[in-house]
Amino acid sequence: MPENVASRSGAPTAGPGSRGKSAYQDRDKPAQIRFSNISAAKAVADAIRTSLGPKGMDKMIQDGKGDVTITNDGATILKQMQVLHPAARMLVELSKAQDIEAGDGTTSVVIIAGSLLDSCTKLLQKGIHPTIISESFQKALEKGLEILTDMSRPVQLSDRETLLNSATTSLNSKVVSQYSSLLSPMSVNAVMKVIDPATATSVDLRDIKIVKKLGGTIDDCELVEGLVLTQKVANSGITRVEKAKIGLIQFCLSAPKTDMDNQIVVSDYAQMDRVLREERAYILNLVKQIKKTGCNVLLIQKSILRDALSDLALHFLNKMKIMVVKDVEREDIEFICKTIGTKPVAHIDQFTADMLGSAELAEEVSLNGSGKLFKITGCTSPGKTVTIVVRGSNKLVIEEAERSIHDALCVIRCLVKKRALIAGGGAPEIELALRLTEYSRTLSGMESYCVRAFADAMEVIPSTLAENAGLNPISTVTELRNRHAQGEKTTGINVRKGGISNILEEMVVQPLLVSVSALTLATETVRSILKIDDVVNTR
């Protein structure tokens, strides 16, 4: 009878035909995969940890072609990093998601995820099941979002000073921070001009075009209500047109050619003369039709097949006093149409007066010896668009200035989406750590332990801020904890003064959406990494 019991229990019997060994399962493998994923993702977080905050370091990135980028924007650093491990790539995607959702906090979100993964390692080593950790983290996240919302204060879009402070806080950690007094108002004005503050719930940043022009300094950056193109005016005599009627064509003003490659053999000079006369008559007819509509400024889309504007056509346009700008990029067409109210024309037969846009002034502006820009201002079209011209002494400065302005615009977009502000300087994270620790005491068993670990992980932001600013992280975080325990919710690290103070009084503020988005996305990513127990390579 005992033999029967043994065979029924499902234990493999050690007979010659036994299949017990074929069902071998490596119990350690899921744990090894998990720790491998966590350590790879933590390595990415540690790589950009030093670039957090106003005193954070910048990274110099060199690509395969030898092009160099200098930045401390988390999303840009990670995007250009060569990350091979799939779990580490999840953190790169996380940073990208934060960039799309909020536009700021791209470094913080990766650091928070790295810290949460560190907590997971300790919990897993204590034998807690990944599912329990994952569910507890979700509970902690829900409570954390409540805490952040309680801490926030509402903001009105009419409160210009608050918007400026938010944009300035975003710019303070950038290379161009000393120009924040110029770039912050520019960003606020740009957003306010493209939305209706009373009804807007979001901002389409495609309505704000950033044009980069080498030369000058960042002080020369300007906001233009209208259109700015880096292309030069093709005709030398006409550089200014008032009461402009602007046409945009997508066909070429040159002699027609067949699609096939062919050659024409002309046997005598009379035929040659006839060919030239035909070409001249054809182009003159095109130019006359353009002039007939009342058009006095012509924009021509770039053509890759043949010359968009022949010398003969330019000669006729010059005689008829029509200003010409050629080689307009295809991706700029939509913005141009929205700005000046024109419509793109693909064939001369459709070129009529109602296709033209109008503006007070179209002119070519000289930039103190560093090239020229073409500007159209005083547009009568209803399309709400603006252009920001970014200047700088070299390519690296211009590109970093563009990224910084983009971040500032995104911060103001966050305030339009969710009209609430929260203190910066590590204050929300310390408050989260404190309140979640209290919350963990109301829970029981493993959940309480995991929520406590989640709370401790939040302290990484103030600790890193202090470290990067040259302060002692341990004493700084301890003092912050004490101040928050006494009810000083808005106390944070004042990096500029090198100490702890009421951050709201210092006007170091950020949109609530940035913090909420960072916490949510980081927790979701960590939960995803925790749930992975195997990596399978496919052919």
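Placement of Cβ uses the backbone N, Cα and C atoms for every residue, glycine included.
Close to G53 (ADP binding site) in the fold, though at least 6 residues off in sequence, lie S173, T464, L465, N468, A469, V495, each with a CB less than 8 Å from its CB. Residues or ranges marked as ADP binding site in Swiss-Prot: G53, G105, T106, T107, S108, N172, S173, K174, G425, Q510.
Per Swiss-Prot, ATP binding site is recorded for G53, G105, T106, K174. The Cβ of T106 (ADP binding site) has 27 other Cβ atoms within 10 Å, all protein chains considered.
Among the features that Swiss-Prot reports, Mg(2+) binding site is placed at D104. DSSP assigns D104 (Mg(2+) binding site) to coil in the three-state reduction, outside any helix or strand.
Look at Swiss-Prot and you will find R19 tagged as omega-N-methylarginine, backed by similarity to another entry.
Annotation comment: Swiss-Prot describes K21 (among others) as N6-acetyllysine.
According to DSSP, S36 (phosphoserine) sits within a helical segment. Long-range C-beta contacts of S36 (phosphoserine), restricted to its own chain and to partners at least six residues apart, with a cutoff below 8 Å, comprise A87. According to Swiss-Prot, the feature phosphoserine maps to S36 (among others).
Its own atom aside, the Cβ of S184 (phosphoserine) has 24 Cβ atoms within 10 angstroms in the protein chains shown. Look at S184 (phosphoserine): DSSP puts it in a helix. The phosphoserine annotation in Swiss-Prot covers S184 (among others), and the record cites similarity to another entry as its basis.
Here S202 (phosphoserine) comes close to R413, V416, K417: these same-chain residues lie at least six apart in sequence, with C-beta atoms under 8 angstroms from its C-beta. Marked as phosphoserine by Swiss-Prot: S202 (among others).
The secondary structure of K288 (N6-acetyllysine), as reduced to three states from DSSP, is helical. The feature N6-acetyllysine is assigned by Swiss-Prot to K288 (among others).
Just so you know, the Cβ of K302 (N6-acetyllysine) picks up 13 other Cβ atoms within 10 Å once every protein chain is counted. Among the features that Swiss-Prot reports, N6-acetyllysine is placed at K302 (among others), with the record citing similarity to another entry.
The N6-acetyllysine annotation in Swiss-Prot covers K319 (among others). Secondary structure from DSSP puts K319 (N6-acetyllysine) in a helix. Note: K319 (N6-acetyllysine) has no non-local neighbours, i.e. no same-chain residues 6+ apart with C-beta under 8 A of its own C-beta.
The DSSP secondary structure for K326 (N6-acetyllysine) is strand. Just so you know, the Cβ of K326 (N6-acetyllysine) picks up 22 other Cβ atoms within 10 Å once every protein chain is counted. Annotation source Swiss-Prot lists N6-acetyllysine at K326 (among others).
Taken from Swiss-Prot, the feature phosphoserine applies to S444 (among others), supported by similarity to another entry. In three-state terms derived from DSSP, S444 (phosphoserine) belongs to neither a helical nor a strand segment and is classed as coil. Other Cβ atoms within 10 Å of the Cβ of S444 (phosphoserine), summed over all protein chains shown, number 9.
According to Swiss-Prot, the region 'Disordered' annotation covers 1-29.
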Fewest other Cβ within 10 angstroms of its own Cβ, chosen from the recorded positions D104, S108, S173, K288: K288
Which same-chain residues, if any, lie at least 6 apart from K174 (ATP binding site) yet have Cβ under 8 Å of it: N72, D73, E400, R403, S404, D407
Spatial neighbour of G105 (ATP binding site) that is closest, considering only the recorded positions S184, K288, K302, G425, S444 and their CA atoms: G425
CB contacts for G425 (ADP binding site) [other CB atoms within 10 A, all chains]: 30
Other CB atoms, at most 10 A from the CB of G105 (ATP binding site): 32
Other residues, Cβ within 8 Å of G53, G105, T106, K174 Cβ centroid (ATP site): S51, L52, G56, N72, D73, G74, D104, T107, S108, S170, S173, D407
Cα-nearest neighbour of S184 (phosphoserine) within the listed binding-site residues, D104, T106, S108, G425: D104
ADP site span - longest C-alpha distance across G53, G105, T106, T107, S108, N172, S173, K174, G425, Q510, in Å: 15
